[in-house]
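Asks: Sharing the feature lines straight out of Swiss-Prot:
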- 248: active site, proton acceptor (ACT_SITE)
- 270: active site, proton donor (ACT_SITE)
- 22, 23, 43, 44: NAD(+) binding site (BINDING)
- 225, 301, 302, 303, 306, 331, 332, 382, 411: S-adenosyl-L-methionine binding site (BINDING)
- 128: phosphoserine (MOD_RES)
- 1-204: region 'Precorrin-2 dehydrogenase /sirohydrochlorin ferrochelatase' (REGION)
- 216-461: region 'Uroporphyrinogen-III C-methyltransferase' (REGION)
């Protein structure tokens, strides 16, 4: 973060603007809209500045910049066409610990002014840190079209309701749910937009009288294979509404950065063959937080119903009578194969695909004869530590030694690595990658050189 975003309360605060041209005019409008007591210093002023002074909206001081003008000021803006003067204003301001903005000089300024979308009291600010002001402007224009004008009225009503909500709902979680319901009311916003405050008040009163919102619930959310862009829209909504996030090690840092900032985060990561947190303890953690009336998200890498123990956790919730729902995710097989240029099925190479876990509760549960059959693609999850066994069993049951294979490490992320070779090399290649990795076995791997589009580190045996 190059710049710390902050909104300043400037109402009745003395501020200095140095510059009297059209650019300075735009800054003056913003400062006056914010309620600042504005002094403007310049050699010449546009007619608009002179009109503002006649109207008593600001004070004009003609002449060269005098550092004494900064005395008692909270904020300064240098908006002249003379860079020497602008830098003098900046230096004198910083010497007095006064924030100073130099217009159109992102690298030589004390603070920058973002593009804004004004739906007062709701304000949206967009900034590129001076690197791409046109991009910031384009984003502001998109937001202007997206955010209706009456949002400000909704925000005003919310401000008047704060004390009533605090008195009515005893916990932060309940208050948050009330606000989410309120802001989801399209009819309320429409009533305010139409000026029908009576109807709007009736809709608000109905929310206070609605069914209790203190029942806890758990949502099982698939976080996808790593790339945060592959998280579903519904999954994003759930993690941004949750009171508690219980997540494992396969959830990427990029996805976790999207979680609501004030949500409680509980890590229950597990490694193959070593359960950092026993499954029974994870189940109990879900139950405990849901029973406290919280909105809990169990966030799992990939899809929770594909080798994610999602079914086991939901059985525990169902037995306890806890409400739950499931948001599927893109499983690792789909994500890693797509980002590696390896289609899992292809009319010329594979008419079916099998998703197989490299770890089972008992040896021998897998039908290796079926797995070794031609015309299919095998995808092994959590198979690195069992690579030697996988290689041995497939060869024993008739799979050709030169069957192409690929190991995908950290699939779909910028850290993705793909190591390829043949079945006889699987045990050796497995030592060259780290978990989390996926093993893909089948003729479709030969398509990778032509179909790979995601550029990352790759290696061939």
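Any Cβ shown, glycine's included, is placed from N, Cα and C.
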Asks: Which is it, of 22, 248: the one of these recorded positions whose Cβ has the most other Cβ atoms within 10 Å?
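Replies: For the recorded positions 22, 248, the Cβ with the most other Cβ atoms within 10 Å is 248.
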Asks: Quick check: with 225, 301, 302, 303, 306, 331, 332, 382, 411 left out, which same-chain residues have Cβ atoms within 8 Å of the centroid of the S-adenosyl-L-methionine site Cβ atoms?
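Replies: Filtered neighbour residues, in order: 224, 250, 307, 308, 329, 330, 333, 335, 336, 381, 438.
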Asks: Between residue 43 (NAD(+) binding site) and residue 302 (S-adenosyl-L-methionine binding site), what is the CA-CA distance rounded to a whole number of Å?
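Replies: Spelling it out, the Cα of residue 43 (NAD(+) binding site) and the Cα of residue 302 (S-adenosyl-L-methionine binding site) are 64 Å apart.
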Asks: At a 10 Å cut-off from the C-beta of residue 332 (S-adenosyl-L-methionine binding site), count the other C-beta atoms across all protein chains.
Replies: 28
Asks: Rank aside, I only need the closest one: which of the recorded positions 248, 302, 411 has its C-alpha nearest to that of residue 23 (NAD(+) binding site)?
Replies: 411
Asks: With every protein chain in view, what's the tally of Cβ atoms within 10 Å of the Cβ of residue 43 (NAD(+) binding site), excluding that atom itself?
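Replies: By my count, 13.
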Asks: Measuring Cα to Cα, how many Å separate residue 411 (S-adenosyl-L-methionine binding site) from the residue listed as 'active site, proton acceptor'?
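Replies: That separation, Cα to Cα, works out to 17 Å.
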Asks: Near the NAD(+) site, what residues other than 22, 23, 43, 44 in the same chain have a C-beta no further than 8 Å from the centroid of the listed C-beta atoms?
Replies: 19, 20, 21, 24, 42, 45, 46, 79, 80, 81
Asks: Can you tell me how far the Cα of residue 302 (S-adenosyl-L-methionine binding site) sits from the Cα of residue 248 (active site, proton acceptor), in Å?
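Replies: Cα of residue 302 (S-adenosyl-L-methionine binding site) to Cα of residue 248 (active site, proton acceptor) measures 11 Å after rounding.
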